[in-house]
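Colleague: To start, I am sharing the structure in question, which I have written as structure tokens.
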Amino acid sequence: MNSSSVKEDFVLVGFSHQPNLEKILFVVVLVSYLLTLMGNTVIILISSTDSKLRTPMYFFLTHLSLVDICFTTSIVPQLLWNLRGPAKTITALGCAVQLYVSLALGSTECILLAVMAFDRYAAVCKPLHYAAVMNPRLCQALAGVAWLSGVGNALTQSTVTLWLPRCGHQWLHHFFCEVPSMIKLACVDIHANEVQLFIASLVLLLLPLALILMSYGHIVKAIIRIKSVQAWRKALGTCGSHLMVVSLFYGTITAVYIQPNSSYAHTYGKFISLFYTVVTPALNPLIYTLRNKDVKEALGRLFHRARDLGL
């Protein structure tokens, strides 16, 4: 890594040109972060302790909740610090850690959402063979692939990005260290880096999204063939929550990573990033609990146990 990469701190410009907006964002981000921590922790707790939720769906949901907690924690504390006070800096080491961790977790979530779509496809389209198809060994392997893919992408993309010479450029027009904004600090031709970022985005964003759409295409066909209204509603209920999460996450992150140089990304990039890094992880637990009868019943059993224990 070049010497300027090691020694210089970065200035996260973020929303500093809108001080009134910063005050509002501080409250919104803080509340969203607390909701993320509480909501996802509850999902992990009930999925791990309630015997009725020990199914592949909740196994993957536990991983998604863990990813969301770690993902937001890699970004939000620094963001809150910068929103609250005049200092907008982050150390070079802090920026590197944030870059590696946030990219690894964001990439993991992309793959994990595709895995969850396959799980829903197996549940709706292969109900008689679901237990055999989604066996514990396969579930663990799919979760492992998601995590390893995320880590592998972060090690590649982040390392290449940090090695770029910046010639003293340290003003990052973003609220956290992210590849599309960091490569713009380079004082050399970054066309090869942009091509590499685009290819990685195709593999980790569009390919999983295509698999999700294919899974839901088969699910829709299966639902249309269902004659029972009750079974039809149950099928929609099991898939509706996941589809909402996919729409929120992919709908925002693709705008930043697929076309990072578009005028739309330049103008609204920070707000789009704020949505998928802060808002979506806070909404995920609400979506899964409000729309899911099993989770609401498990929450009731958890509260009853806590009350019986005098907690």
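Glycine is treated like the rest: Cβ placed from N, Cα and C.
The domain 'G-protein coupled receptors family 1 profile' annotation in TrEMBL covers 39-288. Sequence annotations record features per position, and here TrEMBL assigns transmembrane segment to 24-46, 58-79, 99-118, 138-156, 195-214, 235-259, 271-290.
Help me picture these features in the structure, burial and contacts included.
Modeller: Residues 12, 14, 29, 33, 36-37, 39-41, 43-44, 47-48, 90, 94, 97-98, 101-102, 105-106, 108-109, 112-113, 115-116, 119, 139, 142-143, 146-147, 175-176, 245, 277-278, 281-282, 284-285, 288 of the same chain sit 6 or more residues outside the transmembrane segment (58-79) yet have a Cβ under 8 Å from a Cβ within it.
Packing against the transmembrane segment (195-214) from elsewhere in the chain are residues 107, 110-111, 113-114, 117-118, 149, 153, 156-157, 160, 179-180, 183, 246, 250, 253-254, 257-258, 260: each is 6 or more residues past its ends and has a CB under 8 Å from a CB in it.
With a threshold of 8 Å between CB atoms, the same-chain residues lying at least 6 positions outside the transmembrane segment (271-290) that come near it are 25, 28-29, 31-33, 35-36, 38-40, 42-43, 61, 64-65, 68-69, 71-72, 75-76, 79, 102, 106, 174-176, 178, 241, 244-245, 248-249, 252-253, 255-256, 265, 296, 299.
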Colleague: By Cβ distance under 8 Å, which residues at least 6 away from the ends of the transmembrane segment (138-156) in the same chain are close to it?
Modeller: 56, 59-60, 63, 99-101, 103-112, 115, 118, 200, 204
Colleague: Give the mean pLDDT for the domain 'G-protein coupled receptors family 1 profile' (39-288) on the 0 to 100 scale.
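Modeller: The answer is 88, the mean pLDDT of the model over that range.
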